[in-house]
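As recorded in TrEMBL, the features of this protein are as follows:
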- 17-37: transmembrane segment (TRANSMEM)
- 26-437: domain 'Cation/H+ exchanger transmembrane' (DOMAIN)
- 49-67: transmembrane segment (TRANSMEM)
- 79-95: transmembrane segment (TRANSMEM)
- 107-130: transmembrane segment (TRANSMEM)
- 212-232: transmembrane segment (TRANSMEM)
- 267-285: transmembrane segment (TRANSMEM)
- 297-316: transmembrane segment (TRANSMEM)
- 336-360: transmembrane segment (TRANSMEM)
- 380-400: transmembrane segment (TRANSMEM)
- 412-432: transmembrane segment (TRANSMEM)
Amino acid sequence: MGAEEGLSNLAGGHADVVPITLFVAVLCLCLVVGHLLEENRWVNESITAIIIGCISGTIILLCSKWKSSHILRFSEELFFIYLLPPIIFNAGFQVKKKQFFHNFLTIMLFGVVGVFISASIITVGSWWLFPKLGFLGLTPRDFLAIGTIFSSTDTVCTLQVLHQDETPLLYSLVFGEGVVNDATSVVLFNAVQKIDVSRLNWSSALRIFGDFLYLFSTSTLLGIAAGLLTAATLKTLYFGRHSTVREIAMMVLMAYLSYMLAELCELSGILTVFFCGVLMSHYVWHNVTESSRITTRHLFATMSFIAETFIFLYVGMDALDIEKWKMSKLSIGTGFGVYGSLVSLILLGRAAFVFPLSVLSNYMNRSTSSSSITLNHQVVIWWAGLMRGAVSIALAFKQFTYSGVTSDPVNAAMVTSTIVIVLFSTLVFGFLTKPLINFLLPQVSRSALERGESKVPDEHMTLPLLSFEESAAENLSRAKDNLSMLMERPVYTIHSYWRRFDDAYMRPIFGGPRTSRSPC
C-alpha cells in the first residue's frame, strides 16, 4: 500500500503519512454525510461512500494533473487480511441465530446451491458472448473466475430498507444468503484456482465440488473449534475479575487468529471467522462481564462499518483510474457490450435459482405456513442479490492484478468492467430498492404468516426420543411420532433436538443460560 505520485511529491519525507491522513479525513466526511442523509433511506452508506469516492477521485485527479485518482493503492492482501475479517466476524456475531437456523436449509440452498448455478450460467454465458463481442484473450480459468466474481452479492441496500420486526422470514433469508453467498463465492474461487484448466470435463467439475466440500467443512469446523476454545478459556479463567480489557482483547485476537490460521492452511477464512463469531455470540458472550458484552457488540459493529465504508470509498475513487481505462483498450461499443452482457447474466443467474429453489423450499416446509416464501418475497430476494460489492472487487483484483497493478490490457479491461458493474448495480439497483420493496411489501402490521414460528405445540417439540419410565409400546409410538415429525418438519425438529442437547451438555461446559439470552 503506497502513495500515488501526485500526492507523494507534495508529502516529501512523509509519503505514507499524508495519503493515510487524507483518506481518514474523507472517511470522516462519509460519516458526516451519511448522518445527514440518515432519514433518506433511498441513499444508504455504500451509495454515499461511492459518490464521495467519485467526487474525491475527481479532485485528486485534477490536483495530480490527470495522473491518478487515488490516495492509497488498494491490494487484495489489504482486503483479505485487514478489511474482510471484521466484516464477516461481525455478521456472525450479530446474526439472529434463531431465525438463521430455523431457515438454515433454505439459506444454504440459496447461498451454496444458488452460487453454483449462478456461477455456471455466468461462466458459460461470458465464455460464449465475449468472443462474439470482440473481447478476446481470457483463459478458461479467467472465465471460471468471472463466474465466481459476479456471483458474490452485496445485500446491504436491501437490508437497510427491510425491517426485521415486520418481515422476519424475509430479512433472515436475505441476510443469511448474503453471508453464506460471500463465503461460498470465495471458497469456490479458491477451488477453481487449483484445477487443471487444460482438461475441463466432468471429472474437473467433480474435483471442484470435492475441493469445495473439503474447504467448506474444514473451515467451518476450525471456526467452531476456535469459538468453543475461546468460550472454555474465558469461562474457566474468568478474565473479567481483573480486567474487562483482557476479555475483549481475547475475543478479538482469537477471532483474528482463527481467520489467519484458516488462510495459513489454505482454507476459507471467511467461513472460519463467521462460525467463530456465531459460537462466540452463543457461548463466549455469556462468560464475560456486562460491560464487555456492551463494548464488544459496538466494537465489532464499528470495525465492520469502517471496513465497508473504506472499500466503497476506494471503489468510487478507482472508477476514475485513468491508467486502467487507457490500458484496457476496449472500444466504446465492445465495452458497453461486455457490461450489458454481465448485467444480463447476473439477472439471469439470480432468476435461475431463486424462483426454483423457493418452490423447493416451500415444498420442504409445506406444513409450516410461516416459512412459506411468497412470490413477492421471491422477487425481493432476487432483487437483493443483484448488487455487487466488496467481495467482487477483491476477487477481481486477486485474479487480474498484482498488488492492485496490472500491465495487461485484457486484465485491465476485466478490472474496469468489475468496477463498472459494482457502481451500476449499487447505484441503479440500490436507488430502486426502496420503491420496489414499498410496492411489493406495503407497510402493514406483521401478517399472520410472519408472526408464528411454529404451529407445533411446544410440548410436542420437547418430548424425549425414548423414556425408561414408559413401556416399550409407548416408546415405539413416540419414536414413530418423532420420525414422522422429522420427515414433515426437518428444520424445526432438528433445531429442537439441538436445543435440548445444547441445554443439557454444551451450555454447562462452554457457558450460557438454559434459556437463550444471547445478543441476537
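Positions of Cβ are set from backbone N, Cα and C atoms, glycine also.
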Original post:
Looking at the transmembrane segment (267-285) and the transmembrane segment (380-400), are there 3+ C-beta pairs under 8 A, with each pair at least 6 apart in sequence?
Top reply: no
Original post:
Which range out of 49-67, 79-95, 212-232 gives the transmembrane segment (380-400) the most CB pairs under 8 Å?
Top reply: 79-95
Original post:
Same-chain Cβ contacts of the transmembrane segment (412-432) under 8 Å, 6 or more residues past its ends?
Top reply: 42-44, 46-47, 50, 135, 138, 142, 146, 149-150, 154, 157, 312, 315-316, 318-319, 321, 324-325, 327-330, 335, 338-339, 342-343, 346, 383, 386-389, 392-393, 396-397, 399-401, 406
